[in-house]
4 protein chains.
Amino acid sequence: MKTIGVLTSGGDSPGMNAAIRAVVRFGVKNGLKVIGIQRGYCGMIDGAFKEMNFSDVAGIMERGGTILRTSRCGEFYTPEGRAKAAAKLKNAGIEGLVVIGGEGSLTGAKLLYEEHRIPVVGIPGTIDNDIAQTDMCIGVDTCLNTVIDAIQKLKDTATSHERAFVVEVMGRESGYIALNAALATGSEAAIVPEVPVDFDKLAERLFEERKRGKINCIIVVAEGAGGAIQVAKNLQDRIGYETRITILGHVQRGGSPTAFDRLLASRMGAEAVKALMNGETCMMMALRMNRIEHVPIAEALKSKKGLDMSLYELSLTLS
Amino acid sequence: MKTIGVLTSGGDSPGMNAAIRAVVRFGVKNGLKVIGIQRGYCGMIDGAFKEMNFSDVAGIMERGGTILRTSRCGEFYTPEGRAKAAAKLKNAGIEGLVVIGGEGSLTGAKLLYEEHRIPVVGIPGTIDNDIAQTDMCIGVDTCLNTVIDAIQKLKDTATSHERAFVVEVMGRESGYIALNAALATGSEAAIVPEVPVDFDKLAERLFEERKRGKINCIIVVAEGAGGAIQVAKNLQDRIGYETRITILGHVQRGGSPTAFDRLLASRMGAEAVKALMNGETCMMMALRMNRIEHVPIAEALKSKKGLDMSLYELSLTLS
Amino acid sequence: MKTIGVLTSGGDSPGMNAAIRAVVRFGVKNGLKVIGIQRGYCGMIDGAFKEMNFSDVAGIMERGGTILRTSRCGEFYTPEGRAKAAAKLKNAGIEGLVVIGGEGSLTGAKLLYEEHRIPVVGIPGTIDNDIAQTDMCIGVDTCLNTVIDAIQKLKDTATSHERAFVVEVMGRESGYIALNAALATGSEAAIVPEVPVDFDKLAERLFEERKRGKINCIIVVAEGAGGAIQVAKNLQDRIGYETRITILGHVQRGGSPTAFDRLLASRMGAEAVKALMNGETCMMMALRMNRIEHVPIAEALKSKKGLDMSLYELSLTLS
Amino acid sequence: MKTIGVLTSGGDSPGMNAAIRAVVRFGVKNGLKVIGIQRGYCGMIDGAFKEMNFSDVAGIMERGGTILRTSRCGEFYTPEGRAKAAAKLKNAGIEGLVVIGGEGSLTGAKLLYEEHRIPVVGIPGTIDNDIAQTDMCIGVDTCLNTVIDAIQKLKDTATSHERAFVVEVMGRESGYIALNAALATGSEAAIVPEVPVDFDKLAERLFEERKRGKINCIIVVAEGAGGAIQVAKNLQDRIGYETRITILGHVQRGGSPTAFDRLLASRMGAEAVKALMNGETCMMMALRMNRIEHVPIAEALKSKKGLDMSLYELSLTLS
């Protein structure tokens, strides 16, 4: 293998730049030519390729987002789109591919190999942390810290005003961020897609806690579990006191990555290149027991990583 | 004067604790008894008083919110409420009062003096920065830094995705936060209550910029200028591309105060006690030329601090 | 078991408060009386005990340090000291103990059980991350983020001035912080106690890099590997250009804990109480595969966690 | 005037990039050609010039350091060096100059005008805040926030361990950072070049405070007032308890600038170009009463801004 490509795809997550840097530098140091593919699979179809050298990735590890940009590419989800993309790769002499992204991106990579025999290796990057077989995905740790920082600020004013606050965080199908953020901030409740919520019971609990003297109340809600506006309405109708809303939105995707995400991404990036050089394909880099292991993408996609219900219980016990 | 009271009232702002600390410590060191009044004017009416000593305010300067809590108190805005409050003060031997808060709080303080001859001194604390006669109010600097930190994170992901983002910040009647945050982050536009916005023209400008290669777009909107949801709709109808929303909400009121707010609050707190000891009343502490000056509350309330239109122009020029 | 004690001992690390909170709240919710022991083993000998209830640990999770305080207690390292301490525990009806700390603290806990049959459970809290059998210790993640934040700031000015900087970080016997911080910031070198450094070779490498156009240079050195002042001197003699020093010192121990440390500490705290309630003793809580497992303290103490040499290699490859 | 140059010189300070951005964008929008001069006066002598356009300064406002780099240039402090530099400017068609830096840099600018009639305008950028006639210099606010953040972390561990800490901050001749940081963190003492310190008296005060129950102790010392190592020794000899040292070093110069520094730098940058376009020379931009005013560089250099002794008193009163 002499030339490999690297791309980021789907929703961006903090740490993707560290992964790109590691792929480029580890590749170059091992004699490979490394091609950056712009805007994910869209750029692959367009042939938006550019060779990247050691210095092209200087100073990017600490920056949020992805210097390769990203997209969700409808065309690539058709066989014709993938055929076009594969042709472009072959034209450019790209013999192996590192794909950094979430579930959809890894699925695309697998199809590219199955249909066009281009060796692919995946790096799980998504703030939802919903990918099985790996302890963590790149970006989750940074996202979680951004969220707890925001909630901590809310608590200051919540305590001063004796009010209830509803804060909406990312997670269309996964309550990972909401639950862990609630636990890490001692928030009163996490409302997540995986667990149905009984608003009457919740309202009663909050009411009891207020009677016992608790003067602030923070509810963290995953966007996929109804969203802040709806939850606030449901609560306000029941408990009657003023409820304020925060929707953090894409603030959660940005920011300089934490040490954890930089290290995870750097290790996975280097390991992904190693895997390609060893002739592997359709493998995903996974964090297990502090080591980077190679697991089949198919395994990782077979099941969604579920919510850890013991954490859910713990969050109720400790709040 | 032997005994003074201190309270925080209205919306909380970061730095209020530093002001409380300074009032208590400067007062105690100068031989005064200092009484903390809980929950603003509501606590005054209820007689929620507690003497505060040097160590009661240890370790609070760095914390957001206000340890005295705060409220908006309807009853105090009636002559009867104020009479009740004044009686409670006199009962408790409180001979002077430091009021930390915004416009409504200062108005209340002035009325308390006019109707009941209780000497009052005001400290401007509000994140809106809409109080005249002082360069800055306590909390504004921290709030602004919280906002630019959030917008900076948005920019990371905006750049990666080539999307438009609308972020709603505080300011019901004042565009101070929105304008300054836009200028300090190089955002594409600030939508503020003081300046009517022509959405057709704005959309055209954004469209032109995108054509010239600008790949991200952040619009900062004050809550009093329509709010994020409405602005996003107006833009989406016109420019057609995906627009995402962030509503920071009360996150903006919290957080450990910046150096600026701690210093300003500490100086104003000490100076307020000095003013009371000198027999002054109805004066507000004001920052001018790096000095803390005393200005009549009446002067400060006479006019609203307007938006600095040269900054508005500058934000357009530099973005 | 009806009454348990909890203490923090040795060097403090961020997240200890979250562990204390979890021990107290999980214990109380499960019908236990929980006694806080002040200043580690010193307070145990002195009988500095105080019952802690649910609200005593409100608002502490987000704060650095330890509300129970800590110490290194010489007397406890004598059999007489431990006998005194055990008597105090028995007097106070304390039937089980949660010890939060590093190697020395866990050794003390084990001796307390062996000599006096007081059931003990350990929680690994130390920023050195040198305890075997657990993927991570409480405080490491926060410390690492503090360090990379400081180094990132150094890089700004290093780039502007084209200078070399030496930054000394914690780690008397462990290079964990130095190595991981260097890797996470793309620093030019990590100097660690585990790997002897050849200054001539290092100087030559730095010199070559500068010739190739690298304009900044950051060397991260563990305090146990010579310290910044000595390393700077060694380099300056060889490469001739100006070298500036930063010694972060105890700044690294403080700060609001990260999400990771809050979650790890919360889970370990609850699990430690569970272990005591189940009649276990001399077990340490350990993070493995994202689960909290119980491992014998003796196992954890048998070997030091070594430095991951593959990370050392990676840091050289990617910098 | 058709072509202007811009440079940063001396020690870098956060916000310089925002000033460069404003000079370039305001200049370009007003029809000027703007030339970036690399590495301060050294680059001027070398003719290291490069035209800068609108997009060259995109995304730099939020970054620490200076993209133009900086230096202290011995040669420029000779008449011959300045003659060489002036010739290079004239050759390149540069008809006016914006100099961003501290005292030495402004002096150099003034000489360049006096000897070679090249119009110059200065922007005060230095974390020492020692330049007269302006309320603040660019970078001071960011630096101060970095310092208080570090000290806040020290306080966590200081409280847990009941220890004394000495932290050395920047300021060779100015105690501005040390004093303001001490005041903003409630530190026990600020040791500054402007005020001689009586170590016996200080030790006695600290000893008394400890007896009264104060369990932590932070001493902030400006590098020009002895440095941390010496101060710690002086104290340790007198009070006998363990003293730990932090030397923040150039960490204080880096970091993403605060809102205050971004706004100040943006306004001064635009105003500096306006001044040149109006035919002014040897003027320095100054912040006064929230406005940017033009003051003669000579006035600003005539006197050093002294330490505000009322703040020194206040810091003693409140700690």
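Glycine residues also receive a Cβ, built from the backbone N, Cα and C atoms like all the rest.
Site annotation (TrEMBL): ADP is bound by B:R21, B:A22, B:V23, B:V24, B:R25, B:G186, B:S187, B:E188, B:R212, B:K214, B:I215, B:N216, and the candidate from B:K2, B:K50, B:K155 recorded at this site is B:K155.
Listed by TrEMBL as binding substrate are B:T126, B:I127, B:D128, B:R163, B:M170, B:G171, B:R172, B:E223, B:H250, B:V251, B:Q252, B:R253; the candidate from B:R117, B:R244 that the record includes in that site is B:R244. ATP binding, as stated in TrEMBL, involves B:R72, B:C73, B:G102, B:E103, B:G104, B:S105; the candidate among B:G5, B:G11, B:G175 given for that site is B:G11. Using a Cβ-Cβ cut-off of under 8 Å to chain D, the binding-site residues B:R25, B:G102, B:S105 reduce to B:R25.
In sequence order, B:S9, B:G10, B:G40, B:G101, B:G108, B:T126 are the same-chain residues whose CB sits within 8 A of the CB centroid of B:G11, B:R72, B:C73, B:G102, B:E103, B:G104, B:S105, the residues recorded for ATP being left out.
For the recorded positions listed here (B:E103, B:D128, B:E188), the lowest count of other CB atoms within 10 A around the CB belongs to B:E103.
Annotation for B:R172 (substrate binding site): spatial neighbours B:D128, B:P193, B:A222, B:E223, B:G224, criterion Cβ-Cβ under 8 Å with sequence separation of six or more. With a threshold of 8 Å between Cβ atoms, none of the binding-site residues B:R72, B:G102, B:N216 neighbour chain A. The secondary structure of B:G104 (ATP binding site), as reduced to three states from DSSP, is helical. Of all residue pairs in the substrate-binding list (B:T126, B:I127, B:D128, B:R163, B:M170, B:G171, B:R172, B:E223, B:R244, B:H250, B:V251, B:Q252, B:R253), the one with the greatest Cα separation is 33 Å apart.
Ranking the binding-site residues B:S105, B:N216 by C-beta neighbours within 10 Å puts B:S105 at the top. A C-beta separation below 8 Å, combined with a sequence spacing of at least six in one chain, links B:R25 (ADP binding site) to B:F54, B:V57. The binding-site residues shown are B:R72, B:G104, B:S105, B:V251; of these, the one with its CA atom nearest the CA of B:R21 (ADP binding site) is B:S105. The two recorded residues B:G104 (ATP binding site) and B:E188 (ADP binding site) have their Cα atoms spaced 33 Å from each other.
Under 8 Å, Cβ to Cβ, and six or more positions away along its own chain, B:M170 (substrate binding site) finds B:I127, B:D128, B:C143, B:I177, B:A222, B:E223, B:L248, B:Q252, B:R253. Between B:S105 (ATP binding site) and B:T126 (substrate binding site), the C-alpha separation comes to 10 Å.
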